[in-house]
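Following: one structure in structure tokens, then a few remarks.
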Amino acid sequence: MATPHINAKDGAFAETVLMPGDPLRAKYIAETYLENAELVTDVRNMFGYTGFYKGQRVSVMGHGMGIPSCSIYTKELITEYGVKNIIRIGSCGAVRPDVKVRDVIIGMGACTDSKVNRMRFKDHDFAAIADFGLLRKAVTAAETLGIPVKVGNLFSADLFYSPDPQMFDVMEKFGILGVEMEAAGIYGVAAEYGANALAICTVSDHIKTGEQTSADERQNTFDDMMKIALDSVLLK
């Protein structure tokens with residue numbers, strides 16, 4: 001049923017939804033990769049589409065920026081539309097010297113400075129991890145496509161403009177592969193409501209070196225990440 005944030009009809013979404021932060025990236029994926037793609041929701045211009053990829057029904061929808069925004073959309077997709085699998089496909093920043101701009105990262109887990117998972121988990125630490133089945137399929141798809149990936153921890157930050165830049169040194173020490181703003185929240189929502197989740201991110205900028213991609217490139221390219229996510233949906 002429709003919600004305050006999603007105006008799709010019952011059954012409008014496939015069991016698996018790919019979720020970029022940017023709704024225009026969702027539009028790009030639908031127009032570039034999906035056959036018979038249909039716009040199923042557009043509340044607040046947070047576009048969602050359902051179509052077919054190599055014969056497999058799949059949906060793609062934006063989730064906005066930050067854990068509060070993505071938590072709303074993922075929760076409603078799971079509880080109101082019966083979505084089983086959420087695959088975030090987004091951008092992240094790198095802090096380690098061995099992680100380069102445009103590298104693809106698969107988030108095995110996600111640390112965070114947000115308190116939302118503690119609120120969900122009765123003020124205890126919750127290990128926000130990806131579903132192993134989705135993770136394994138993504139790695140297999142990447143290997144089949146010949147696309148190198150890095151698998152490990154992400155850090156989901158509440159603030160884009162950090163007041164504590166020294167924290168990036170701590171992240172580097174602890175082996176964090178990428179800094180973004182949603183994965184830990186999505187993993188928490190999926191765990192709470194019995195769904196599966198995975199985050200695949202492309203490095204859009206390097207926090208230490210200052211190298212970065214353009215806004216247009218972030219919106220309309222990063223195709224390796226998209227191909228991995230889409231091909232992983234085909235695997236059993």
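Note: Cβ is positioned from N, Cα and C throughout, glycine not excepted.
Look at Swiss-Prot and you will find ASP205 tagged as active site, proton donor. Sequence annotations record features per position, and here Swiss-Prot assigns purine D-ribonucleoside binding site to HIS5, GLU180, MET181, GLU182, SER204, ASP205 based on similarity to another entry. The phosphate binding site annotation in Swiss-Prot covers GLY21, ARG25, ARG44, ARG88, ILE89, GLY90, SER91, and the record cites similarity to another entry as its basis. Annotated site 'Important for catalytic activity' per Swiss-Prot: ARG218, in sequence order, evidence recorded as sequence analysis.
Structure coloured by features recorded in Swiss-Prot.
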residue	record	Cβ within 10 Å
HIS5	purine D-ribonucleoside binding site	17
GLY21	phosphate binding site	21
ARG25	phosphate binding site	24
ARG44	phosphate binding site	13
ARG88	phosphate binding site	28
GLY90	phosphate binding site	28
SER91	phosphate binding site	22
GLU182	purine D-ribonucleoside binding site	31
ASP205	active site, proton donor	17
ARG218	site 'Important for catalytic activity'	20
The residue listed as 'active site, proton donor' versus binding-site residues HIS5, ARG88, ILE89, GLY90 - nearest by Cα: GLY90
Residue pair SER204 (purine D-ribonucleoside binding site), ILE89 (phosphate binding site) - Cα distance, angstrom, rounded: 12
Alpha-carbon spacing, MET181 (purine D-ribonucleoside binding site) to SER91 (phosphate binding site), which is rounded to whole Å: 9
ARG218 (site 'Important for catalytic activity') versus ARG44 (phosphate binding site) - Cα distance in angstrom: 21
Most distant Cα pair in Å, residues GLY21, ARG25, ARG44, ARG88, ILE89, GLY90, SER91 binding phosphate: 22
DSSP-derived class (H/G/I helix, E/B strand, else coil) of ARG218 (site 'Important for catalytic activity'): helix
Residues HIS5, GLU180, MET181, GLU182, SER204, ASP205 [recorded purine D-ribonucleoside binders]: greatest CA to CA distance in Å: 31
Conformational class of MET181 (purine D-ribonucleoside binding site) under the three-state DSSP mapping: coil
Within 10 angstroms of ARG88 (phosphate binding site), Cα basis - recorded positions out of HIS5, GLU180, GLU182, ARG218: GLU182
Where GLY21 (phosphate binding site) falls in three-state DSSP terms: coil
Which listed residue (MET181, SER204) has most other Cβ within 10 Å, given these are binding-site residues: MET181
Integer Å distance between the CA atoms belonging to GLU180 (purine D-ribonucleoside binding site) and SER91 (phosphate binding site): 7
